[in-house]
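Read the structure below first, then the notes.
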Amino acid sequence: EENGHPSKKLKSDADEEDAEDQNKKLPKRKIVLLMAYSGKGYHGMQRNVGSSQFKTIEDDLVCALVQSGCIPENHGEDMKKMSFQRCARTDKGVSAAGQIVSLKVRLIDDILEKINNHLPSHIRILGLKRVTGGFNSKNKCDARTYSYMLPTFAFAHKDHEVQEELYRLDRETLERVNQLLACYKGTHNFHNFTSQKGPRDPSAKRYIMEMYCGEPFVRENVEFSVIQVKGQSFMMHQIRKMIGLVIAIVKGYAAESIMERSWGEEKVDVPKAPGLGLVLEKVHFEKYNRRFGNDGLHEPLEWAEEEEKIAVFKEQYIYPTIINTEREEKSMANWLKTLPIHDFNSSAVEVQTNNKNPK
């Protein structure tokens with residue numbers, strides 16, 4: 001270079017630059033990615049641009065998209081440029097087995113392998129499909145299915161002396177849990193199951209299609225069970241509060257009548273179960289599939305071929321994280337100790353007044 005001759009580039013550098021140039025020439029296409037991740041240690045799914053102290057799943061995903069050459073660097077800084085949309089905004093610590101994101105990318109060779117090479121092992125892209133240009137994963141989603149894995153001692157009555165590892169759920173209690181969970185089916189006003197929504201806010205009305213608790217099973221000497229819930233859409237903390245209230249009733253802290261009351265206008269003190277066991281299982285696109293799934297250009301957004309990969313990921317990363325964290329940090333056991341603090345008889349307004357004016 002000093003003699004006026006350009007320095008020779010190393011072959012690998014030149015190859016990388018050639019690949020980058022080729023990538024730039026590729027047209028951008030609208031796709032969806034099927035994602036699975038363990039949410040422990042993350043502040044939820046959604047990226048907070050400009051806030052680096054709270055790491056999110058999307059921070060790692062966007063980094064991998066840029067590094068693999070799927071998107072230009074400036075698209076990582078301004079996600080609108082790639083028409084990015086997540087289907088569900090999972091909260092802090094919540095995992096997913098079937099999250100869907102839609103975005104425009106360059107369809108490079110071996111795209112899934114290249115993205116996954118730049119992701120930590122507890123975040124995987126398990127599938128990819130082309131979609132229509134105007135597709136938006138959040139707006140086109142008809143329903144979402146979540147699961148919540150919890151130790152069954154959460155359902156032990158408060159008056160019984162319980163040794164957590166020895167507790168086993170009996171048939172009668174499981175039936176009671178399922179009767180209560182079934183009460184949520186249909187459309188209800190869930191303003192008491194989230195924050196910042198008033199009783200007359202139309203968006204507090206939500207439609208629940210199904211909710212039930214499955215058969216218990218033992219892992220690491222502790223008995224667990226999984227609650228499944230399918231709904232059109234959910235508000236922040238809604239599922240955790242729905243489960244929290246059922247636990248409070250089954251344990252004998254709250255009367256069954258509190259459910260009906262919670263859907264009325266008064267403010268009711270609804271406890272929020274820990275976030276640890278919550279997993280986004282699946283998102284449903286029935287209307288989109290009927291319209292575009294068999295048009296000859298697009299595939300239906302169904303993932304039968306990926307189901308085995310999803311099951312393996314859950315066994316490797318999601319279930320062990322929930323079980324080990326529960327054993328080490330005792331998040332459910334510690335949360336259960338807070339239930340007596342809640343006042344399930346009076347409205348929250350009265351509780352606040354009593355706190356301000358202690359007798």
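Sequential numbering from 1, following the chain as shown.
Backbone N, Cα and C atoms are what each Cβ position is placed from, and that goes for glycine too.
As given in TrEMBL:
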REGION    1-23  region 'Disordered'
ACT_SITE  D91  active site, nucleophile
BINDING   Y146  substrate binding site
DOMAIN    184-286  domain 'Pseudouridine synthase I TruA alpha/beta'
Which value does the mean pLDDT take for the domain 'Pseudouridine synthase I TruA alpha/beta' (184-286) in this predicted structure?
95
By DSSP, how many residues in the domain 'Pseudouridine synthase I TruA alpha/beta' (184-286) are helix, how many strand, and how many coil?
25 helix, 33 strand, 45 coil
Taking the Cα atoms as reference points, how far is Y146 (substrate binding site) from D91 (active site, nucleophile) in Å?
12
The residue listed as 'active site, nucleophile': tally of other CB atoms within 10 A of its CB:
18
Around the C-beta of Y146 (substrate binding site), how many further C-beta atoms are within 10 angstroms, looking at every protein chain?
24
